[in-house]
Amino acid sequence: MAERKVSVESEVGLHARPAATFVQTAAKAPFDVTVAKAGGQPVSAKSILSVLALDVRQGESIVISAEGEGADEVLDRLAEIAAAS
Amino acid sequence: MDRRETGSTHPESQEQAPLLLTGTGVSPGSGYGPAYLVVGDIPEPAAGSRHDGDAPAERDRAERALDDVAADLESRGARAGGEAEEVLGAQAMMARDPGLAVEVGQLIDQGVAAPRAVFEAFGKYRDLLSAAGGYLGERVADLDDIRDRAIALLTGLPMPGVPTSAAVPFVLVAKDLAPADTALLSKDVVAAFVTEQGGPTSHTAILARSMGVPAVVGCAGATSIAQGAAVLVDGSSGHVRLSPDEDEVTAARNADEARRAVLSAVSGPGATADGHAVPLLANIGGPRDLEAALAAGAEGVGLYRTEFLFLDRETAPTPEEQEEAYRAVFDAFPGGRVVVRTLDAGADKPLAFLPPPGEEPNPALGERGIRLFRRYPDIMAVQLGALARAAAGTAAKAEIMAPMVATVEEAAWFAEACRTAGLENAGIMIEVPSAAIRAADLIEEVDFFSIGTNDLTQYALAADRQVSEVATLQDPWHPAVLDLIGMAASAATAAGKGCGVCGEAAADPILACVLVGMGVTSLSMSAPALGLVRAALARHTREQCRLAAEAARSSTSPAGARTAARAELPELGSLSL
């Protein structure tokens, strides 16, 4: 299981456009991808409703996890989206 | 054109459904097409409703409904473009959410019918989002909309919201329409509007006139029209005929063409028969209305409603975006006047980024117009700055005015803000009776007046424009309203300054003559109304207009004022008015 821990830097948090881009990218992966707030329950990163409901605000950390061939590339890409301001 | 008929149903045949409904005609012309009923709330599918046992088929049905909703949202987004595309695209993602699909599938496997399963699955996310509040709390409305669309598809109910494309233009039938419902509508889609509520100055009426689409409002029984039934709408008489025969439809079309022919016979700048110039200007909501304004021969813009740039968004438009929209309008009228009204928002036209302080019991009397600018001076400074930059590079004469000014102090404050921003021509709207009564004091502070007759009537008669039960009071022909207009026009004339009218009263060709007779210096209206007003003015002298105004103000009722004015305007008959 690979994972990345990143701090969300967008002013709107992981909502609105960043959330949509994040979920669209995760949805392309052929394996499960999860996202959780640090210490929280992981949810599917492919579900916009679940990601929104996490209510990640600017400055909060998230942990993104996946397992499978190419998981590292997908996680790097997702971490980049989440960390973008 | 009788606008005084009000809603009652006249069953004309032995059949159960009445074949003729009558309301108030508020946008002339005739329109024919299948009825499209806009429904409000989709009822909650009954708790405990079960499917017939074929779970895979039921799951398939639910999946398809959600997918259809998503596809529809995406295609509407693609047509709208820009920010709307992004918003609708995000909604489509919600409809296709895999987590949601799993929940729906599990419920159906337990025997729950698809509509109820969709309702319950959405319920879980709805609770999560609304508990978070703020931005997420506001997404609850999006979620409800998607849920209701899917349930409508599954239960065969009409779809909530207004479609933005159609093979054949339809007659849009609704209880009432909100500005957000109608943002994407065009003449290619809507043949006519019929609403159960609303009066001559409701949003539907104003929108219909600006689109040049016939409309009947305050039409009792309208929402009982069957979905898809053929409807013929007469936006002058207020008649809404169901299942008309071919001859009726043909006769209505011919009459429409004859009316257009009379109008196209007069052209050029507005003037009375004896050559007194009365510039005829257009009311617009943005650059997209320019084509119609220019085609109708508008000499400029008398009311640019900038709030359309701000509606339905989460953040204020950027200074650059504003500047671009303003410049497009200025550039369309080199040498002409363009009167821009600053953002007119408030509890009745709420903006996500300018929240009013709280729930207002009476939004019309609350913190709206310039009052909201006092709370958010930064928004005003950005708008005035963008206007000043856009105006600097064009040949149009930019005039900027503020809505809802009630006091001398507000007028002075706004004029000062305009000058600080580098805008030379600062004016105010006369909509509040206090401003009309003390017009001589207010005109000292500003360069011009523009009378907004819709709100002025609403406030003078204490009759809420949104309440159809008091729609008959909402009549600019009321002698009290005419007196207030007369006061403002006289004060401006005495100060050597201009006083236009940009309310819907200017669009009434008979009243337009009366306004000119009271000293109003320019008239602004939705583009389709320009032709008939130009023709009415061209057939009467300034003295005839003055006599008509005098006669109207000597009357004691709106109907009396209208009759008295008509008697002084002998050429109206030649225009079939």
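One-based numbering along the chain as shown.
Glycine is treated like the rest: Cβ placed from N, Cα and C.
Marked as active site, proton donor by TrEMBL: B:CYS502. For B:CYS502 (active site, proton donor), the same-chain residues lying six or more positions away in sequence with a CB closer than 8 A to its CB are B:LEU281, B:ASN283, B:GLY302, B:LEU303, B:VAL339, B:MET429, B:SER450, B:ILE451, B:GLY452, B:SER524, B:MET525.
The phosphoenolpyruvate binding site annotation in TrEMBL covers B:ARG305, B:ARG341, B:ASN454, B:ASP455, B:ARG465.
Residues annotated as Mg(2+) binding site in TrEMBL: B:GLU431, B:ASP455. In three-state terms derived from DSSP, B:ASP455 (phosphoenolpyruvate binding site) belongs to a helical segment.
Residues 104-105, 108-109, 111-117, 154 of the same chain lie 6+ residues outside the compositional bias 'Basic and acidic residues' (B:49-61) yet bring a C-beta within less than 8 angstroms of a C-beta in it. Taken from TrEMBL, the feature compositional bias 'Basic and acidic residues' covers B:49-61.
Note: the domain 'Phosphotransferase system enzyme I N-terminal' (B:22-139) comprises 77 helix, 16 strand, 25 coil (DSSP; helix = H, G, I, strand = E, B). The feature domain 'Phosphotransferase system enzyme I N-terminal' is assigned by TrEMBL to B:22-139.
Residues or ranges marked as domain 'PEP-utilising enzyme mobile' in TrEMBL: B:171-238.
Feature annotation from TrEMBL assigns domain 'PEP-utilising enzyme C-terminal' to B:269-540.
As annotated by TrEMBL, region 'Disordered' applies to B:1-61.
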Pairwise C-alpha maximum, in angstrom, for the residues (B:ARG305, B:ARG341, B:ASN454, B:ASP455, B:ARG465) that bind phosphoenolpyruvate according to the record: 20
For the domain 'PEP-utilising enzyme mobile' (B:171-238), the number of residues DSSP places in helix, strand and coil: 16 helix, 18 strand, 34 coil
B:ARG465 (phosphoenolpyruvate binding site), number of other Cβ atoms within 10 Å: 22
Cα separation, B:GLU431 (Mg(2+) binding site) to B:ARG305 (phosphoenolpyruvate binding site) (Å, whole number): 15
Other CB atoms within 10 A, centred on B:ARG305 (phosphoenolpyruvate binding site): 22
C-alpha spacing of B:GLU431 (Mg(2+) binding site) relative to B:ARG341 (phosphoenolpyruvate binding site), in angstrom: 13
Most Cβ neighbours inside 10 Å, all chains, among the binding-site residues B:GLU431, B:ASP455: B:GLU431
